[in-house]
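Enquirer: Please find one structure pasted underneath; my questions will follow.
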Amino acid sequence: MHELGLVTHIVRTIEDISIEVQLTNVSSVTLELGEVSGVIPDYLTDCWKYFRVKSELLKEADLKIFMIPAVTICEDCNRTYSTLKYKKICPHCGSGTTYLKTGTEFNIKEIEAC
Amino acid sequence: MGEFRVLEVKQSIFADNDRRADELRKELKTKKLFLLNLMSSPGAGKTTTLKKTIRCLQDKLTIGVMEADIDSDVDARSISELGVKTIQLHTGGMCHLDTEMTRQGLKGLEADGLDLAILENVGNLVCPAEFDTGAVKNVMILSVPEGHDKPLKYPLMFTICDVVLINKIDVLPYFDFDLEVCKSYILKRNPNAIIIPISACTGEGIEEWVQWLSKEVRNW
C-alpha cells in the first residue's frame, strides 16, 4: 500500500515534467533509492506495473532502481561506516554521536523519453 | 515518433508534494485558518482525544474535522455528534494523505471561515510522516500499550512532530512502559518536541494540551 501511494507521486511528477518539456512517450524511469528509505524495491516495481497502464505517457515505461548504500558519519572521529552493519554506534571509536549521511534518498534520477 | 533521449531529473519524489504543501500553508495563513495534522497508529486514541479536545474548545473556536480512513464513516459520525462540521475522507486503500487530498478535504469541509481545521490522518506511523499535508502543526499520539520503544522504531514520525501526546497514562501501572525512557527516546530524535502525557479517558493532561493548541491557533 505504501509503495502504491509513492508510485502515484512518481507518475504525477513525470507527467508535470512532460508538459513542461513536451514529452509524449517515456520508455524508462530511473530512481535513486536509499537503503534505509523504507521503500521495498520489489513492491515498488509491482505497483509500478499495476499503475503505469493508467498513464498514456508511461504505459510502457520500465522502472529502473539504483540503490544508494546507507552510510553513517561519526561526529567524534569524523569517519564513516555502513549503517546497516553497525547501526548507531561508531565501529571505529565507539561513539554514539553519529548521524546518517546517505541512505534515505528517494529521487527520480533520470527518464528516457521522446 | 522522435528519438528517445535521456533527461536528467534529479528531483526528490516528495519535492512536488512539499511545494504544494508550502503553497497551501501560505493560503491558510491569509485565511487565518489553522490546520492541525493528527497522526498515530490505529487504536492509539485519536478520535477519543479529538472529542475531548473539541469539547474543551468549541465554545471559543469554530472547528471542523476531516476524518481520513481507508473505509467506513464510524469516526466521522462519532465526531459529528459533538455538533462540529465533519467530513469523512476515503483514501481508497492509500496509507496516507498528501497535500492535494488535504486541499480537496478542506474544500469539501467548506473550511473557509473556521478557526481550526483538524485532519485525523490514517492510522499509521510510517507513510503519513513522509507526506507534508500542508498543516501548520503536526501532532502525534503514542499510547502506553504500544510500548516506549516506538520512537526508535519509527524515527521519522517522531522527527517531524511538533507535539507528542502520550495517551492512556491511566493504565501505566499495568504496562511495562517507562515514561522517562520514552521521553528521552523522543527527544533524542527531536530535541524540540513538546511532550504531553495525557489520558483522553480520565482527562488528565488534556488542559495542558488544549492550552498549547489554543495559543497556537490564536497566534496563527
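Heads up, the Cβ atoms here are built off N, Cα and C, so glycines get one too.
Dumping what TrEMBL says about this protein:
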BINDING   A:His2  Ni(2+) binding site
BINDING   A:Cys74, A:Cys77, A:Cys90, A:Cys93  Zn(2+) binding site
Enquirer: Run through the Cβ atoms and count how many others sit within 10 Å of the one on A:Cys90 (Zn(2+) binding site).
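Expert: By my count, 22.
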Enquirer: Which of the binding-site residues A:Cys74, A:Cys90, A:Cys93 have a Cβ lying under 8 Å from any Cβ of chain B?
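Expert: Out of A:Cys74, A:Cys90, A:Cys93, none lie under 8 Å of chain B.
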Enquirer: Looking at the binding-site residues A:Cys74, A:Cys93, which one has the fewest other Cβ atoms within 10 Å of its own Cβ?
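Expert: So among A:Cys74, A:Cys93, the binding-site residues given, the one with the fewest Cβ atoms within 10 Å is A:Cys93.
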Enquirer: Of all the binding-site residues given, A:His2, A:Cys77, which has the fewest Cβ neighbours within 10 Å once its own Cβ is left out?
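Expert: The binding-site residues A:His2, A:Cys77 were compared, and A:Cys77 has the fewest Cβ atoms within 10 Å.
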Enquirer: To the nearest whole angstrom, state the Cα distance for the pair A:His2 (Ni(2+) binding site) and A:Cys93 (Zn(2+) binding site).
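Expert: That comes out at 37 Å between the alpha carbons.
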Enquirer: Three-state secondary structure of A:Cys77 (Zn(2+) binding site) from DSSP?
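Expert: Once the DSSP labels are grouped into three classes, A:Cys77 (Zn(2+) binding site) ends up as coil.
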Enquirer: Other residues near the Zn(2+) site, CB within 8 A of the CB centroid of A:Cys74, A:Cys77, A:Cys90, A:Cys93?
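Expert: Going along the sequence, the neighbours come out as A:Glu75, A:Asp76, A:Asn78, A:Arg79, A:Pro91, A:His92, A:Gly94, A:Ser95, A:Thr98.
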